[in-house]
Amino acid sequence: MLMTRRGFTTALAGTVAAPALIRTAFAQAATVKIGMVMPMTGAAAESGSFAQTGARIALEQVNKAGGVLGKPIELIFEDDQTTNPGAVLAFSKLASQPDIVAFLGSIRSTQMHAMAPDMLKAGKPVGFGGTDPNLTKLNNPWLFRFRPNDSYSGRVIAQYGSKELGKKKWAIVHSTDAFGTAGAKALTDSLPENGATLALDQGYANQSQDFTPVVLAVRQSGADILGTYFTFETDLGIFARQLRQLGVTIPWVGSPSIVNVSALKLAGPALYNTYGVADYAEDSSDASRAFGKVYREVRKVAPDNQSSWTFDAVTCLALAMNKAGSTEPGKVREAMLAIRGHKGAEGEYNFDKNGDGLHGYNIVKNEKGDIKFDKRLDFTPNLG
Amino acid sequence: MDLALQLLFTGIGIGSVYALVALGFVLIFRATNVVNFAQGEFSMLAAFLMVVFSVKVGLPYWLAFIVALMGMALLGAVFNLAVYYPLRHRTYLPVIISTIGASIFLANTTLAIHGPEPEVLSGWFDTPGFLLGPVYLDSQYLLIIAVTAILVALQYWFFEHTLLGKKLQATSQDKEMASLLGIPVATMIMVTFVYSAVIGGIAGILVAPVLFVSIGMGAAIALKAFAATIIGGFGDVTGAIIGGLALGVIETFGAAYISVPYKDGFAFLVLIAFLIFRPQGIFGERVAEKA
């Protein structure tokens with residue numbers, strides 16, 4: 001039998017493409033895949049395991065309720081090694097799998113910034129937890145945030161410390177990464193409208209072994225209240241202990257890491273009587289309590305925001321795909337932006353045009369290691 | 001003045017930790033002419049062993065300390081047999097790569113067995129510290145400084161006044177000549193690895209109550225200790241101590257008076273300056289000559 005050039009080319013193309021086509025067809029028939037970038041190794045490996053648990057709880061609930069478009073969802077995990085290059089590599093591995101229809105990015109803003117260009121190229125919806133306000137202003141239509149951004153946390157910290165606690169002279173200690181810098185700026189910007197002033201703006205590099213110079217700067221600043229944005233719980237633990245040892249006892253309102261399970265365990269009494277803005281507070285709503293109950297049954301420890309945002313992200317992505325009636329990225333995006341009043345573990349989701357789903361924070365207090373819900377402060381979003 | 005005294009105390013405390021880990025670097029370098037990049041993981045592993053025996057098993061603190069160090073001695077011996085010994089006749093590069101591989105293996109094995117959760121380890125004393133005038137003295141840092149001083153003195157006595165110490169020195173200076181004189185070189189190198197693992201272990205256990213016990217704790221300390229070793233003079237015990245203390249004090253004062261975010265930068269600026277202007281370090285010979 002003679003083979004023509006066209007026939008040969010067609011056969012060659014078919015041979016090359018067949019495995020991918022078969023794999024894609026098989027995958028389409030089997031599950032709806034969601035890729036998740038998370039730390040399995042490195043400094044944030046523990047919080048990564050919490051995030052994984054939150055996502056798995058959502059997966060079980062979604063699948064129990066019928067899955068997505070009649071198929072079960074499946075989570076594909078990749079380790080970001082708690083580094084920016086690791087995160088980029090992990091996302092690239094996931095993005096190269098054509099059968100993955102959506103992604104979960106990082107809770108760390110700096111990693112989100114690193115991955116954002118590739119996420120734009122991938123052109124599929126990405127749920128993430130990083131709270132740098134700039135992340136949803138990158139003209140990247142695929143990013144959807146499942147935690148309130150730091151423009152809200154800054155406003156809530158400033159308002160609570162200045163109005164409720166009556167303190168007007170602030171020392172701000174923050175990580176110099178994208179999260180810490182953006183958070184500190186948001187807090188600084190919110191001070192004047194609350195009649196408060198800035199006594200100290202002190203950045204630090206992540207994973208420091210000693211905070212004595214930072215604590216002494218706070219002590220010398222004459223501040224009567226402390227606001228913090230810490231990225232890693234080990235840093236927060238070391239800082240909290242040294243703060244108390246060196247005699248600084250001014251009120252302290254921190255970003256969500258101050259009420260994380262790991263931070264509470266490491267710092268212990270050094271964090272007693274501190275306040276925190278918490279996107280997840282177990283007693284803040286029925287949905288939060290319900291998530292907390294399931295999480296405690298699975299992990300035997302209290303839940304925190306590391307797990308609640310991934311729970312909400314998987315739930316909302318599944319909801320959007322079902323509403324869209326498709327996993328086609330553009331349709332899922334439209335359905336995500338149309339979500340209104342969805343009651344998640346972190347709060348009520350109303351996505352604005354930038355992709356921000358939440359617009360307020362809870363205030364909680366550490367009472368001898370127990371995190372007590374105080375109040376929730378919500379802001380009216382522009383849903384355009 | 002109060003501020004400077006507080007910073008000086010903290011700088012010497014953290015510098016003592018660097019010095020202890022640097023000692024491990026120096027001992028192995030002197031014996032084998034290679035840098036053991038798993039030295040930081042020795043500290044991390046000892047801290048985790050201490051958590052296991054003290055917190056999980058419930059042994060008395062002193063007994064857990066001894067058992068953990070015995071575990072480190074065993075690890076040092078196994079490390080020598082598995083990582084160094086098979087490559088002892090090769091150039092320094094394969095051995096260094098082997099220690100880097102071992103470092104990654106030890107960290108990931110600990111991660112797989114224990115999980116990623118950081119742990120809290122209490123210190124030797126119930127009192128966390130006390131005020132001496134305006135300066136707060138952390139009791140754990142006081143212990144670290146005291147132990148470092150004692151170990152340096154013991155090490156001096158051991159190397160200068162015992163037969164075993166002199167055999168170790170002879171082995172580090174010229175293996176072939178030592179062998180011709182009847183010194184069992186392989187055993188001496190084994191002893192060095194065991195001793196270095198124990199020293200690294202002591203550093204890890206002592207610093208754990210301050211920095212917590214985590215998978216990454218060893219790498220963070222070892223990087224600075226490595227810099228301290230170069231500053232002090234590679235292969236020189238006194239240099240490692242001086243280099244560690246200097247690094248701790250420089251980075252603490254630099255952070256307080258110049259910039260906190262660039263704290264780590266000061267340490268490595270000093271390192272770069274030494275590599276350019278005095279590559280032999282304060283006391284040692286040129287790194288290039290050793291390599």
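Cβ atoms here come from the backbone N, Cα and C positions, even for glycine.
Curation plays no part in TrEMBL annotations; they are all automatic predictions.
Feature annotations, reproduced from TrEMBL:
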type	residues	note
TRANSMEM	B:6-29	transmembrane segment
TRANSMEM	B:36-55	transmembrane segment
TRANSMEM	B:61-85	transmembrane segment
TRANSMEM	B:92-113	transmembrane segment
TRANSMEM	B:141-159	transmembrane segment
TRANSMEM	B:180-199	transmembrane segment
TRANSMEM	B:205-227	transmembrane segment
TRANSMEM	B:239-260	transmembrane segment
TRANSMEM	B:266-283	transmembrane segment
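Between the transmembrane segment (B:92-113) and the transmembrane segment (B:36-55), three or more CB pairs separated by 6 or more residues in sequence fall under 8 Å, so the two stretches touch. Of the Cβ pairs linking the transmembrane segment (B:239-260) with the transmembrane segment (B:180-199) and spaced 6 or more residues apart, fewer than 3 are under 8 Å, so the two regions do not touch. Among the recorded stretches B:6-29, B:36-55, B:141-159, the one sharing the largest number of Cβ pairs closer than 8 Å with the transmembrane segment (B:61-85) is B:36-55.
Sequence-distant residue pairs (6 or more apart) of the transmembrane segment (B:141-159) and the transmembrane segment (B:6-29) include at least 3 whose Cβ atoms are under 8 Å, placing the two stretches in contact.
Sequence-distant contacts of the transmembrane segment (B:6-29) (same chain, six or more residues past either end, CB-CB distance under 8 Å): 35-36, 39-40, 42-43, 134-138, 141-142, 144-145, 147-148, 151-152, 155, 192-193, 195-197, 199-200, 202-203, 206-207, 221-222, 224-226, 228-229, 232, 234-237, 239-241, 243-253, 256, 290.
Non-local neighbours of the transmembrane segment (B:266-283) in the same chain are 224, 227, 229-234, 236, 238-239, 242-243, 246-247, 250-251, 254-255, 258, 289; each lies 6+ residues outside the stretch with a CB under 8 Å from one of its CB atoms.
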